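What Swiss-Prot says about this protein:
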type	residues	note
REGION	416-777	region 'Required for localization in the lipid droplets'
ZN_FING	598-659	zinc finger
BINDING	Cys604, Cys607, Cys628, Cys631	Zn(2+) 1 binding site
BINDING	Cys620, Cys623, Cys651, Cys654	Zn(2+) 2 binding site
ZN_FING	715-775	zinc finger
BINDING	Cys721, Cys724, Cys745, Cys748	Zn(2+) 3 binding site
BINDING	Cys737, Cys740, Cys767, Cys770	Zn(2+) 4 binding site
Amino acid sequence: MSAQTSLAEKGLNPGLMCQESYACSGTDEAIFECDECCSLQCLRCEEELHRQERLRNHERIRLKAGHVPYCDPCKGPNGHSPGVRQRAAVRCQTCKINLCLECQKRTHSGGNKRRHPITVYLVSKVQESLEGEEMDEETKRKKMTERVVSFLLVDENEEIQVTNEEDFIRKLDCKPDQHLKVVSIFGNTGDGKSHTLNHTFFYGREVFKTSPAQESCTVGVWAAYDPVHKVAVIDTEGLLGATVNLSQRTRLLLKVLAISDLVIYRTHADRLHNDLFKFLGDASEAYLKHFTKELKATTARCGLDVPLSTLGPAVIIFHETVHTQLLGSDHPSEAPEKLIQDRFRKLGRFPEAFSSIHYKGTRTYNPPTDFSGLRRALEQLLENNTTRSPRHPGVIFKALKALSDRFSGEIPDDQMAHSSFFPDEYFTCSSLCLSCGAGCKNSMNHGKEGVPHEAKSRCRYSHQYDNRVYTCKACYERGKEVSVVPKTSASTDSPWMGLAKYAWSGYVIECPNCGVVYRSRQYWFGNQDPVDTVVRTEIVHVWPGTDAFLKDNNNAAQRLLDGMNFMAQSVSELSLGPTKAVTSWLTDQIAPAYWRPNSQILSCNQCATSFKDNDTKHHCRACGEGFCDSCSSKTRPVPERGWGPAPVRVCDSCYDARNVQLDVTEAQADDEGGTLIARKVGEAVQNTLGAVVTAIDIPLGLVKDAARPAYWVPDHEILHCHNCRKEFSVKLSKHHCRACGQGFCDECSHDCRAVPSRGWDHPVRVCFNCNKKPGDL
């Protein structure tokens, strides 16, 4: 019985013979169709072929009655993907290929091929209904992706363009409780990454912008939501293309890789270049070294119940060739993945961070590119939740936000490394020791978590920074390392007793455990250096923004000034009320008749600012009302009030109306004349006393500068408050924080704390920021 009769009896189309001839002679009937081998196979060929490791996961279907195979030469009308490719209409018995009507007309309509015998396939009603259902499903999927649009997620400066989780979910256009995975793509610029995503996920729609121009059309990181596969698709900027902020853009790629569940590395080259393996190897090393720890910290900090970094993402290397064979074609016994691992080992790169690495290649004889194999591989990996499970969009945003906050900031040009795609300098702190030049080994922005700078190497001494630290020798011998500093007095001494002891026996070194271990003038002669007797010296690193370590903490002079100032201020505050009352009464007694009495002036007549007890009230010489200093700072002659031709203080309103002559009656002029002489005498006395006070203030300022501790910022350099940025004036006094030495206003430095590290063992003025620091200052 012939093979044709056997097939007809089974209800199959005639001509469905094995197309592989791997274990048979090609005369056995076809039982299976392998979509990835693109052939019909008999029982023996199917078993022998798919016993190989690289072919083991191919999708095969068993042929049913009335089965019609796909057309062999084409991938469907207009080169569409296999999801909508054409079924064959005939089979050429001479060429032994299946042809659709279009391919038959194109290839067998002329020449000798016209005479080739053909067998017509009969399409059953069952097959027609199945194809109709497939087309309906395909149409539904296309319709689901019609409204998808991409949006800029992160710009080229590493700044996230989404404000919060709600904004991220709104732009993705997905449900807040939707569980999804993240698929991102990487590759060199111009290799068609955006084009690949458009055809793999969105049926060729230009969701991600593509351009035939030389300039890259993808700048930054763009994202879109695929409702069919329920994944967030991320398009990235190409490698080897950026010329500005290259280091920051490269670092941005690793942030995207860290939040991805599946990574596609797209390469359009006849052979796999070393750049691919170096990129993946360096990315793996940087991921394990810097990002795994941060992702775990984010999980704990945000209270997430999803492990973000159990294993890194899976990687698919999508390799498109034109003139060369695909990887592994000349070694059928070896899987392409094994050959890729060998390449990694030869280059000394070990991609341990990735959960798996897969190879998917396609050879494009004639455009367009076939993305069907890539799509099938992606769908298989997306269904696998063993290592990476889907998660809420909010979790994805939190992870990206945490990585962006942690690893941000400019990367200096001198720290750019060309031997690695992701050098440590992209992710570690950029601070350098001012003394030895060693770099900090901690991650970027570690100061926000209260972690101090650290270096791998020891520092060297620099006289400029005096980077020595004293530690108690006795405590060190007992296994403890306790830092000590020279200071004016012991913590057990009262402020005045400490000053007296300092004048007699000099500065002290006090250990919290051992007490006072050294006094500089304890004996009349023969006092030894503390380094030779009671302390050890260590050389430490000097980081930008920190002070030197053994600056002069002898603040005896400043303590004396603070004490005198405190007593003077106390007396002044106690006598402020009576003094002001007496002054106001005397002023009213000698004031002209048209002046409003001080007791009736509660606020400025122009700006309505209420006067405090110690505020000065000024009278306008023209109208006699009470004003603050800023509303009565102008001067002009007021001869109509008897002040003569000399300019005197007037308010802003009277100054603006200086061309209008006041109508003063003769009786008023006589009354004012009597009291005006007394007021002029009073002002002359007041101005004389003010000049004396100013003359005293100048040497007093010199005394303050001389008594100022070394770490205090000089008064003449302090122009505004270090915290609130208010400019200092006559009314706004400057105050030094005893911890950091910066200048502050009273509101920003009204707290009091002991600062032992600066020699202040009793509560003294500290700024708002220093007061928030935990532990001893």
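Cβ coordinates come from backbone N, Cα and C, glycine included.
In sequence order, Phe627, Ser632, Arg649, Val650, Cys651, Cys654 are the residues of the chain that are 6 or more apart from Cys620 (Zn(2+) 2 binding site) and have a CB within less than 8 Å of its CB. Listed in sequence order, the residues His720, His722, Asn723, Arg725, Lys726, Phe744, Asp746, Glu747, Ser749 complete the 8 Å Cβ shell around the Zn(2+) 3 site centroid, once Cys721, Cys724, Cys745, Cys748 themselves are left out. Mapped onto three states, the DSSP output places Cys631 (Zn(2+) 1 binding site) in helix.
Counting other C-beta atoms within 10 Å of each candidate's C-beta, the binding-site residues Cys623, Cys631, Cys767 are led by Cys767.
Confidence annotation: the zinc finger (715-775) carries a mean pLDDT of 82 in the model.
In terms of Cα spacing, the binding-site residues Cys604, Cys623, Cys631, Cys724, Cys745, Cys748 that come within 10 Å of Cys767 (Zn(2+) 4 binding site) are Cys745, Cys748.
Other than the site residues Cys620, Cys623, Cys651, Cys654, same-chain residues with C-beta atoms no more than 8 angstroms from the centre of those residues' C-beta atoms, the Zn(2+) 2 site, are Arg621, Ala622, Gly624, Glu625, Phe627, Ser632, Val650, Asp652, Ser653, Tyr655. Reported as a whole number, the C-alpha separation between Cys748 (Zn(2+) 3 binding site) and Cys604 (Zn(2+) 1 binding site) equals 27 Å. Long-range Cβ proximity for Cys607 (Zn(2+) 1 binding site), meaning a same-chain Cβ under 8 A and a gap of 6 or more residues, is found for Cys628, Ser630, Cys631. Residues near Cys740 (Zn(2+) 4 binding site) in space but far in sequence (CB under 8 A, at least 6 apart, same chain), listed by position: Cys767, Asn769, Cys770.
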